[in-house]
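Visitor: Take this structure first; my questions come after.
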Amino acid sequence: MKLAYWMYAGPAHIGTLRVASSFKNVHAIMHAPLGDDYFNVMRSMLERERDFTPVTASIVDRHVLARGSQEKVVENITRKDQQEKPDLIVLTPTCTSSILQEDLQNFVERATRNTNSDILLADVNHYRVNEFQAADRTLEQIISFYLEKTSIDFSNIYSKKTEKPSANILGIFTLGFHHQHDCREIYRILKDLGIKINLIIPEGCLVTNLKKIPEAWFNIVPYREIGLMAAQYLEKKYNMPYIATTPMGLVETASWIRQIYGTSAHVAHALKRALKPEFASANFQRMCALAEGEREQVASQRDGVRYNIISNLSKKKFEEYIDQQTRFVSQAAWFSRSIDCQNLTGKKALVFGDATHAAAMTKILVREMGINVCCAGTYCQNDADWFREQVQGFCDQVLITEDHTQVGNMISQIEPAAIFGTQMERHVGKRLDIPCGVISAPIHIQNFPLSYRPFLGYEGTNQIADLVYNSFTLGMEDHLLEIFGGHDVKTVITKNLSTDDNLIWNEPAQTELKKIPGFVRNRIKRNTEKFARSKQIKEITVEVMYAAKEALAS
């Protein structure tokens, strides 16, 4: 716990509320003081949905502080059960109300006697985990709660599988970075590959449908921050494999599709061995054969008809799909060979964000566009080891921190040509006159577009290519503005993160600085000031400017 005016990941209760409000017909009750109940306003503003946010605050006021909640929480749960008639009510404290150490589980048990809804207390340590960790844990808790209520015959679990290869998508939820657009792109690719979508969890999913989770062949986890714990639970409990690769960029998307084929073939082989002919329809046996990519005859037990089958899910067809999408849907492969992208080769960039997007973006910049990533970082400290492993060999240095000032100082020291980060790095870039492309939460309203802008899949590669190219300052653009008087080009921008204001530019030096073209003027100013500080020079003259230039060139 610490006091901060900026946080990359919010407090734990925000993660719980994001998951609860993503499910359909689920209501969340937040036991919190006034001031902690900003989630409703934040979600309504950013998501711009038609429906009200299904979250109610059970206010901790002076009376609660004096004599405890008593019946207040129970009455709020009962009232919402009668008014909203939800399938599930999730009760969560905040880090502030947790100080009271009230027995909220007792309130849940008492309320259960008088309600028709299921009631669940979020099993989250609000002092030890952040927003993403709490969201991950809450999703796993809700899934396990409903699956354990369902009596599943583990001895014959394979007979419950769908006839066609199918997948659950775990981790698409409210306030995510382009989650709705990414989900549409994943859905499109899976449909093209002949993979059925069983459930999308939690966004728009009814908790009463969670019992259908084991019917899918495998699970897909697009983002490490949420869904991974649930996938690991389902693998351990129901022997469901999962794919945790993020299909971001051409290389990773191709790898993801190949993993889908390999996982489908593996499950099909297991189904074929586990199921006896009398339990499986001819169509189901046929689909098993399809996923294995074999040409074979499958006998129907009912009518004796034999089917001559050539696999529709053969490895060859998966590879053909990758080739077609790479060449004709995605323009990123063509763009990487164009002169526009070649002009970016060797330019310096800094990447910072959540572990999923920062790692994927680092690989794309280096591997697919030839850009030098001088620093890659994440604020997901719980995933630091995984992140270092992913970006090893792709960047000069790694930064793991939740302190935005460290990131700002790193940017001012490195002075990259472009930044790819969160909303905070965008603010830092504006102060230093360095362009920034936003690639990760936390984000502002401009990164909740109404138009279709996925970051995953083949359409996502086009979005990323545009973002990268437009994020770098194009010298000719500023030069033309200077020629045609687009802005006051003689005004020297003095934005800098440094608090050292002792440097003085004399008049000849200022005159010389104004002669420099606008698109490089501020960079030269910063380099000269950095040189002056290193030499403990207080007054910058024309001679100091040329000395700084020589020192930089050497």
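Including glycine, each Cβ sits where the backbone N, Cα and C put it.
TrEMBL feature annotations, pasted as is:
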type: DOMAIN; residues: 12-261; note: domain 'Nitrogenase/oxidoreductase component 1'
type: BINDING; residues: ASP36; note: [4Fe-4S] cluster binding site
type: DOMAIN; residues: 330-472; note: domain 'Nitrogenase/oxidoreductase component 1'
type: ACT_SITE; residues: ASP340; note: active site, proton donor
type: BINDING; residues: GLY475, MET476; note: substrate binding site
Visitor: Counting each residue once, how many in the domain 'Nitrogenase/oxidoreductase component 1' (330-472) are helix, strand and coil under DSSP?
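Guide: The composition, in the requested order, is 74 helix, 24 strand, 45 coil.
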Visitor: List the Cα distance (Å, whole number) between ASP340 (active site, proton donor) and ASP36 ([4Fe-4S] cluster binding site).
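Guide: So the alpha carbons of ASP340 (active site, proton donor) and ASP36 ([4Fe-4S] cluster binding site) sit roughly 48 Å from each other.
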Visitor: With the cut-off set at 10 Å between Cβ atoms, which of these recorded positions ends up with the most neighbours? Options: ASP36, ASP340.
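Guide: By the 10 Å Cβ neighbour count, ASP36 comes out on top.
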